[in-house]
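**Student:** This is the structure, below, for whatever I ask next.
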Ligand SMILES: NC(=O)CC[C@H](N)C(=O)O
């Protein structure tokens, strides 16, 4: 077992709840908004999803680490969660081609984590009390010091993070000879979203979050994609402006998660902070256009206002969540612009929703005829 086995670690929530556990990963103190993911597998893809920036993650699965980590199983170039909370971690791993165990991976990525926490009790607490900030520390054990560190953690409500984690320079993916060119706004894009478009024969150019429309237009894209990303969409007026400028080009448009929230905001539909969000890989969603259900991958803490969508003359609902009835997809009336709140690239998760990439490419092809 790793050397940190017996180092105590502390978890303090904003409402004063304290858990004592055992340190693993890096030593130190870390904070963020606490959230939980109900997926049984796919932890490495979850940890590297840029939308988790600023969040301390509880894994609901009682064992984490059993299949180690593998260099390719990432959604970005580093671990993005701010901290990790588990019940049990496995120092032994078993999988063909795994490169390392979870603990070394967290140490190498400087991620402070705590295990031996009653995660079932903790998740039930968050489910009833709602999302809140927390701190994990191996340095402080007295409550006053923990509280002082916790007070410095910024609130997720109103937080803009995309411009910090977006690519600094544009980059491309796929073959430059491809017939279809798609411009991707990177607000924290996951690698497999790009891959899903490249796999369908598109040439992609990924642009930094604050790129303006004049620069975007130089690429002469046939369609525009607005990515997922961390933070509060209500803090992103610059991105809403870009989405409006993109919509004015009349090119096919597709947004995922944060991109969905930005399409809503560009159509005067507010977003709101959810009680504790949706994170996992088995969230049932109904496509109300086709009548078919799909099992979806999700990671969001904000949602679009259902009343405003209902009253909108520009936008209509395409998908609803079968657990809580929340809006999972919208499209603009009479035009090829749509978005979903969930993650159709589904890494990790089932591939039920990948048809949305086909729909997007189909919209682009129709436009090109
Ligand atoms: N995955 C995402 O794009 C998340 C969007 C937004 N940050 C939210 O939490 O709702």
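Positions of Cβ are set from backbone N, Cα and C atoms, glycine also.
TrEMBL: automatically predicted annotations, no manual curation.
Computed from a predicted structure; not experimentally measured.
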**Student:** Since TrEMBL lists 229, 231, 258, 261, 299, 301, 302 for L-glutamine, which candidate among 51, 76 does it give for that site as well?
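**Tutor:** When TrEMBL describes the L-glutamine site, the candidate it includes is 51.
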**Student:** How would DSSP class residue 258 (L-glutamine binding site) in three states?
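**Tutor:** DSSP call for residue 258 (L-glutamine binding site): helix.
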**Student:** For residue 299 (L-glutamine binding site), what is the tally of other C-beta atoms lying within 10 angstroms of its C-beta?
**Tutor:** 26
**Student:** Taking the residues 51, 229, 231, 258, 261, 299, 301, 302 listed for L-glutamine, what is the greatest CA to CA distance in Å, to the nearest whole number?
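**Tutor:** Largest pairwise Cα separation, rounded: 13 Å.
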**Student:** With H, G and I counted as helix, E and B as strand and the rest as coil, say where DSSP puts residue 231 (L-glutamine binding site).
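**Tutor:** Once the DSSP labels are grouped into three classes, residue 231 (L-glutamine binding site) ends up as coil.
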**Student:** Residue 299 (L-glutamine binding site): which of the active-site residues 257, 343, 345 have a C-alpha within 10 angstroms of it?
**Tutor:** 257, 343
